[in-house]
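For reference, the structure discussed in these notes is given below.
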Amino acid sequence: MGNAATAKKGSEVESVKEFLAKAKEDFLKKWENPTQNNAGLEDFERKKTLGTGSFGRVMLVKHKATEQYYAMKILDKQKVVKLKQIEHTLNEKRILQAVNFPFLVRLEYAFKDNSNLYMVMEYVPGGEMFSHLRRIGRFSEPHARFYAAQIVLTFEYLHSLDLIYRDLKPENLLIDHQGYIQVTDFGFAKRVKGRTWTLCGTPEYLAPEIILSKGYNKAVDWWALGVLIYEMAAGYPPFFADQPIQIYEKIVSGKVRFPSHFSSDLKDLLRNLLQVDLTKRFGNLKNGVSDIKTHKWFATTDWIAIYQRKVEAPFIPKFRGSGDTSNFDDYEEEDIRVSITEKCAKEFGEF
């Protein structure tokens, strides 16, 4: 690398540092003074269920005054309490209202009533990466790399704010109208300076240190990135079995097999991300994220252009209009019931 290139690299690293310092300032302001109750259920017209979960659902809604479409996450307070997810739910809202990055879904409104908590986010009509990946089978390496680069930048941003994401998987990555990623579902995200111990995540994506009940840190996100890149490029995850316990055995074994079509650069990157030994895992070494960004598999990636969304996406989802739901599955519809008495007031006071 010539002197000019070295100088350019140096100035890029400096400008990233400046950017992240400013981002942290912005984040902390909102983290310390979270927005509360800036809308109500009556402001929205409910259109269709986009997804369901163990303690709530996500619906397409239309803001009556602005006619904008949004995705509204509705959480049943009593179910959240029953499933011991109070802390996770409060984390999700507090984090989402404070972050700001091109590849993170934006929280526009949050409010609660006697029965439910509501988070209203921008609606991403392209649907989940999961459904496109299953339909196409697998992504070419350049296609996978385009998405992977956005996750690398997003994790660099989140980790600089002391946030661990902990739930990377194709179901939580939405494809927007320009073919870029929007990371959604911050239900397991957490602000942690040192280590944390909670067992959470999706079996196929869990890092070995989580399975082994060790204290863990941000490095679990880099492991999950390895799993995601593998799954995007192969069409199936690196560790899979019928029962979670069998998956866990494979994960902690430290053995990964690669399809013959994987390039040698891809295999090398994955061996360094799917590294059981934390002292050797990329993203967790003294150079931090730059071991990943400067890896040969990313040699063609223009990180600044990706951040600026100037790179042409390999795939643009098809949809008709901003309220189209054809990229989402159908679910049984259910009325939103609101109690006449307030439930769990104490638990969700800060929401």
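Cβ atoms are placed via backbone N, Cα and C, with glycine included.
If you check Swiss-Prot, you get these features:
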- Gly2: N-myristoyl glycine (LIPID)
- Asn3: deamidated asparagine (MOD_RES)
- Ser11: phosphoserine (MOD_RES)
- 44-298: domain 'Protein kinase' (DOMAIN)
- Leu50, Gly51, Thr52, Gly53, Ser54, Phe55, Gly56, Arg57, Val58, Lys73: ATP binding site (BINDING)
- Tyr69: phosphotyrosine (MOD_RES)
- Ser140: phosphoserine (MOD_RES)
- Asp167: active site, proton acceptor (ACT_SITE)
- Thr198: phosphothreonine (MOD_RES)
- 299-351: domain 'AGC-kinase C-terminal' (DOMAIN)
- Ser322: phosphoserine (MOD_RES)
- Tyr331: phosphotyrosine (MOD_RES)
- Ser339: phosphoserine (MOD_RES)
Should any of the modified residues Ser11, Ser140, Thr198 have a Cα within 10 Å of the Cα of Leu50 (ATP binding site), which are they?
-> none
What other residues of the same chain, not counting Leu50, Gly51, Thr52, Gly53, Ser54, Phe55, Gly56, Arg57, Val58, Lys73, have a CB atom within 8 A of the CB centroid of the ATP site?
-> Ile74, Leu75
Could you tally the C-beta atoms, other than its own, that fall within 10 angstroms of the C-beta of the residue listed as 'phosphothreonine'?
-> 14
Average pLDDT across the domain 'Protein kinase' (44-298), rounded to a whole number | 98
CA pair Asp167 (active site, proton acceptor) / the residue listed as 'phosphothreonine', Å rounded to integer, equals 13
Shortest C-alpha distance to Tyr331 (phosphotyrosine) - which of the recorded positions Val58, Tyr69, Thr198, Ser339 = Val58
Would you mind listing, in sequence order, the residues at least six apart from Val58 (ATP binding site) in the same chain with a Cβ closer than 8 Å to its Cβ?
-> Thr49, Leu50, Gly51, Thr52, Ala71, Met72, Lys73, Ile74
10 Å Cβ neighbour count around Ser339 (phosphoserine)?
-> 12
